[in-house]
Amino acid sequence: MSTSAATAAAPVAVKERPRLSGFMPIIALVALIAALTVADPDFLTQRSLTAVSRTAAPLILLAAGATIVVLCGGIDLSIAALASLSTVFLALWIPNLGGLATLAVIGVATLIGALQGTAHVLLRIPSFIVTLGGMSILSAVALVVSGAGTVRVVDDSTVKWLDLYVAGYVPMSFMVAVLVVALIALLLKVTPLQSWVSATGYAESAARLAGTPVDLVKIGAFAVSGACAGLAAVMLVSRQFSGGPTMADNLLLPAVAAIVVGGTAITGGHGSVWRSLAGALVVTLLRVGLPIVGVPSAYEQILYGAIIVVAVALTLDKSKVSIIK
Amino acid sequence: MTVTTEVAPAPRRSSRRGASFRDAGPPVALIVIFGVFAALSPQFRSFGNVQNIVDSAAVLAVVTCGITFVLMMGSIDLSAAGVMGASALTVSLLVANNRNGNDFGFFGILAAVLLGCAFGCLSGLALVLLKVPSFMATLGVSAVGLGVATLMFAGVQPNISDAALKGWAVERFLGFSYLTWIAVACILLGWLIQRYTRLGRYAYAIGGAEEVLTLSGVQVRPYKVAVFALAGAFYGLGGVMVTSQLGAGLVQAGNGYDFSAITAAVVGGTLLTGGRGGVLHSAVGVLLVMVLTNGLVQVGVSPYWQGGVEGVIVVAAVAAAVIPQRRRNQVVK
């Protein structure tokens, strides 16, 4: 079938890229841990590692979900706003729905993601505009629904399990995040989805001609991104005992940074969710590590900005785009 | 299927007609929307409210003026929020304020505008030298700007006491605040640049057909950087104007302006794909957005919806703009 022709081309392109770049996020991760251990010998203890992994969990989910969209060649800028809205929904629904609220929120987030994907595909609007508009709309809905205030969760027994520790050390949220990443990776691997996604990202017109259901793949990617944002929101609520209309908004930049630091090319096709997992850990370590080496946390934002620009420049597939807008 | 065949170029006349409709659409929409709200709310049609709308449009008009040049090239700029924050803090620390003994007056304002210019330059250089797509480069620069602003803020809010700068927002000339007149001057300047300078003409050409321009021997890269720098200068001035309104330098001075400016430019008829639109289009777009948000509040819609309304109209406007090229645009990222 013609689909196999498109997929056969993909591995060649992957091989041509420097092998080293595949290990870059891991190397960066190890180097960072080593550097932080030198700076502060107390860093490499079970307690601080537990804290880091617990902090990283929602970021991992957000980054992993958006990675699928980036792999298709698009971008999802609405993840953080969607997560914020989801925290509000969850906090409002827990009293009535109890345990079902978690599922309901993830379902709604998936739907919102799919809706954005559909708008992107059907109306032929660039994904960053759809999701930029979506970000604005979702924030407005969150503000209106919550009355622009924090919604407290009085009885958090239904989401408390996410804030527990497996075997006393590993945070449950981190386990869940890794599990979700593994699940997405497995799903991509054992189904034709992997080749469909990368074909869409590498060469959309070719993929379309070869019979790949490009539109469905894109909508699916946005739906996965939405679902991950919903689950990240559940984690945030389980930790903060409340939902807020801007609670997750400051996770957008770190999530984008995590994706590009992981080495997923912003031009699409090249990358994986595992890379974003590593990227999210790198970003979290940087965030935690700045105060350890004595840099004020105000530099955090500057660091994110610099990371995004540099990492995109390094991972960009320059052969593919002759004109960069 | 639509995608399998290359669609022959549409007959010339139909594209012309599309263009004129696009040019006439936003002003007509502005009048219609204004009429509807005026009919619905007696408060809306009072002279005081019209004054209010125009005055509150000033900052957005200046920011949109800048972003229009970037959009004309077919690029995008998300850095306004960060640049405005940094320039707001810069100007509030350089003119007479409660944090330090500086009193540079006009030069403080100039420094803030130049800082914005420098940030714009940074975005442009990341685009042409590192080949980072503009929405990523400017997202990064915005974060850097916010970080710089946070560093300057240092936990204590700088309140300005410079009489001249404070007066910008308060004093009036012919019924409108000085800020409005500054915005009018900016639009005029932007229009002159767009119409009569090489920079403006090339910005159009880059958006229309960059390949052709490159093949005919034009060095487009310096112009791209210059366009981003120009846009940055407008954001810098926008940050100064917000500072004048608030009487203090805040990190969040530019919050939401990046998106509102894109909305205004797109609603005004500037295409995201570049090559069409302009400063005057954007000015109409700014008024459209302001009339819509003001009118909705006047008829009793919660102000929290403002961002949502902008989100809906930007998606609708972009969708409407691509309809003529629907069949040609095979790949939309």
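In case you wondered, yes, glycine gets a Cβ from its N, Cα and C as well.
Taken verbatim from TrEMBL:
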REGION    B:1-21  region 'Disordered'
COMPBIAS  B:8-21  compositional bias 'Low complexity'
TRANSMEM  B:21-41  transmembrane segment
TRANSMEM  B:53-71  transmembrane segment
TRANSMEM  B:78-98  transmembrane segment
TRANSMEM  B:104-130  transmembrane segment
TRANSMEM  B:137-156  transmembrane segment
TRANSMEM  B:176-193  transmembrane segment
TRANSMEM  B:225-248  transmembrane segment
TRANSMEM  B:254-272  transmembrane segment
TRANSMEM  B:279-297  transmembrane segment
TRANSMEM  B:303-323  transmembrane segment
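At the 8 Å Cβ threshold, with sequence separation of at least 6, the transmembrane segment (B:225-248) comes into contact with the transmembrane segment (B:78-98) through 3 or more pairs. Of the recorded ranges B:104-130, B:176-193, B:279-297, the transmembrane segment (B:21-41) has the largest number of C-beta contacts under 8 angstroms with B:279-297. Here the transmembrane segment (B:254-272) sits apart from the transmembrane segment (B:104-130); fewer than 3 CB pairs are under 8 Å, leaving out pairs fewer than 6 apart in sequence. For the transmembrane segment (B:279-297), the partner stretch with the most Cβ pairs below 8 Å, chosen from B:104-130, B:176-193, B:303-323, is B:303-323. Most Cβ pairs within less than 8 Å of the transmembrane segment (B:78-98), among stretches B:53-71, B:137-156, B:176-193, B:303-323, belong to B:137-156. Sequence-distant contacts of the transmembrane segment (B:53-71) (same chain, six or more residues past either end, CB-CB distance under 8 Å): 77, 80, 84, 120, 134, 176-177, 179-180, 182-183, 186-187, 190, 193-194, 200, 203, 207, 227-228, 230-235, 237-238, 241-242, 245, 254, 257-258, 260-262, 264-266, 268, 270-272, 274, 277-279, 281-283, 285-287, 289-291, 294.
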